[in-house]
Amino acid sequence: MTCLMCSSFISANLQYCTHLLHVFFVCMCPFSLLYGCGYSYSVSFHRALCTPPDMSRYCHVTASCTPLQLFLSSILLCPPSLQVLGGSSGLLGAQQQPSHLQQQQRNLSLHEYMSIGLLKEAGVCVPEGKVASSPDEAYSVAKEIGTKDLVVKAQVLAGGRGKGTFEGGLKGGVKIVYSPEEARDISSQMIGRKLYTKQTGEQGRICNQVFICERRYPRREYYFAITMERSFQGPVLIGSSQGGVNIEDVAAENPDAIVKEPIDIMEGIKMEQAVSIATKMGFPAALIDDAAANIIKLYNVFMKFDASMLEINPMVEDASGQVMCMDAKINFDSNAAYRQKKVFDMQDWTQEDARDRQAAKADLNYIGLDGSIGCLVNGAGLAMATMDIIKLHGGTPANFLDVGGGATAHQVMEAFKLITSDRKVQAILVNIFGGIMRCDIIAQGIIMAVTDLDLKIPIVVRLQGSRVDDAKALIAASPLKLLACDDLDEAARMVVKLSEIVSLAQEAHVDISFQLPL
């Protein structure tokens, strides 16, 4: 079920909403928010705009979830397509809001050494370590740390590093070494090479740096995370006595081993709550206060930097009886980029797909998929519905692409460049519901793109809403071969058939062109 009205408003990512609109979204359209509006949109109701106290916990709604966030949501029995993200309570009323409509982006992830650095600045106990960008630098870092027990960790933004394989045959992206010479040798087999894991797929991820840190010997390992959770209207602490392993496996085999502690986002974390979660996680009585102190510091990092997820796996009691965070994974809400410049300047674009980089530069929400039908839609809910109806008719979407509510003709042009840069695309469906987005702007962008890019594949255009008659007149007056369709079901059926025709022609090595009328 998709609420087109919600889709239109949400895709625009309105920064300046009246309280009436706020109440409409939270109270009047709960089902469309939960079930109709999909993957990568956001409506930010910043508390600096005097959000009413009774609505303050709903101040930031987003559905841009990483696999880990989806998993954490499932633990908490909440619809995984929706997360509630709150800004830092310490920033109430202190931030100037941006004056333009912002496009929602996927959450930012940082390398492990960057996340560890943020924790260290906050006073969290972490292992001593430094990053190295070359084998010789790795040797120097290992020598500087001054211990024979070291861990060399490949810095790639993908899970499953330990079980991955490098170009050249090295097994594992996390290696224990016992000398600076060995650190240099292992680093030479990691740096500049791609690491292949279950998450990277066949394309792999380039490793440009390694994180070298001291090795600690844990007596016990624990799991700890913080995420934003709609069902609790704010942050939730998640812990387990079973750390150092895949937490998804723990949830499947022993769900009772996972405990949680909701936090009131306005009041912040209290010592008794930190003590409670530390106790439930199974820390010895003598270490409860130490664990609670680290948990409070982690929560402060989470809020200060507008994180959407913070995961420590493992949090350990080491051989000396000290609580330490041995690893760190933090995702940051990209809607807070304007006030978190320090964090977002750390983004490593070499870890992103070329099309993702292009999409970010053009302020477009793009996710590449494996299908053959390109999709250009405004509004994430409508985009999801469009992809669903393509599947219903037997086709496969090649991408998720939401141009948002404030797109320009230039952005539409860039969207077509993104779609057609995927060689698998055999047909394109443009589906626009003009609320905030004007259909004539989309039409201008389509005409510009088809003309400048000299597109040869069939394009089905379905436009409804604001200035649709002007848009149709522009398309009709152009010499372009665009197939207009008012009905979404018919448009989806048509684009699937056209994609099949192109596919058959390519398999038979036959060059075809499309003339109107068909």
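Every residue gets a Cβ built from N, Cα and C, even glycine.
Since we're looking at a predicted model, the values are computed, not measured.
What TrEMBL says about this protein:
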TRANSMEM  20-41  transmembrane segment
SITE      D149  site 'Important for substrate specificity'
BINDING   K153, G160, R161, G162  ATP binding site
SITE      Y217  site 'Important for substrate specificity'
BINDING   N313, D327  Mg(2+) binding site
DOMAIN    376-496  domain 'ATP-citrate synthase/succinyl-CoA ligase C-terminal'
BINDING   N378, G435, I436, M437  substrate binding site
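A map of TrEMBL features onto the structure.
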| residue | record | DSSP class |
| --- | --- | --- |
| D149 | site 'Important for substrate specificity' | coil |
| G160 | ATP binding site | coil |
| Y217 | site 'Important for substrate specificity' | coil |
| N313 | Mg(2+) binding site | strand |
| D327 | Mg(2+) binding site | coil |
| G435 | substrate binding site | coil |
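Here the domain 'ATP-citrate synthase/succinyl-CoA ligase C-terminal' (376-496) has a mean pLDDT of 89 out of 100. Rounded to a whole value, the Cα-Cα separation of R161 (ATP binding site) and N313 (Mg(2+) binding site) is 14 Å. Rounded to a whole number, the C-alpha distance linking D327 (Mg(2+) binding site) with G435 (substrate binding site) is 45 angstrom.
Y217 (site 'Important for substrate specificity') sits 52 Å from N378 (substrate binding site), counting Cα to Cα. The two recorded residues D149 (site 'Important for substrate specificity') and M437 (substrate binding site) have their Cα atoms spaced 59 Å from each other.
For K153 (ATP binding site), the nearest of the binding-site residues N313, G435, I436, M437 in terms of C-alpha separation is N313. Between G435 (substrate binding site) and N313 (Mg(2+) binding site), the C-alpha separation comes to 45 Å. Between the candidate binding-site residues, I436, M437, the densest Cβ environment within 10 Å is the one around M437.
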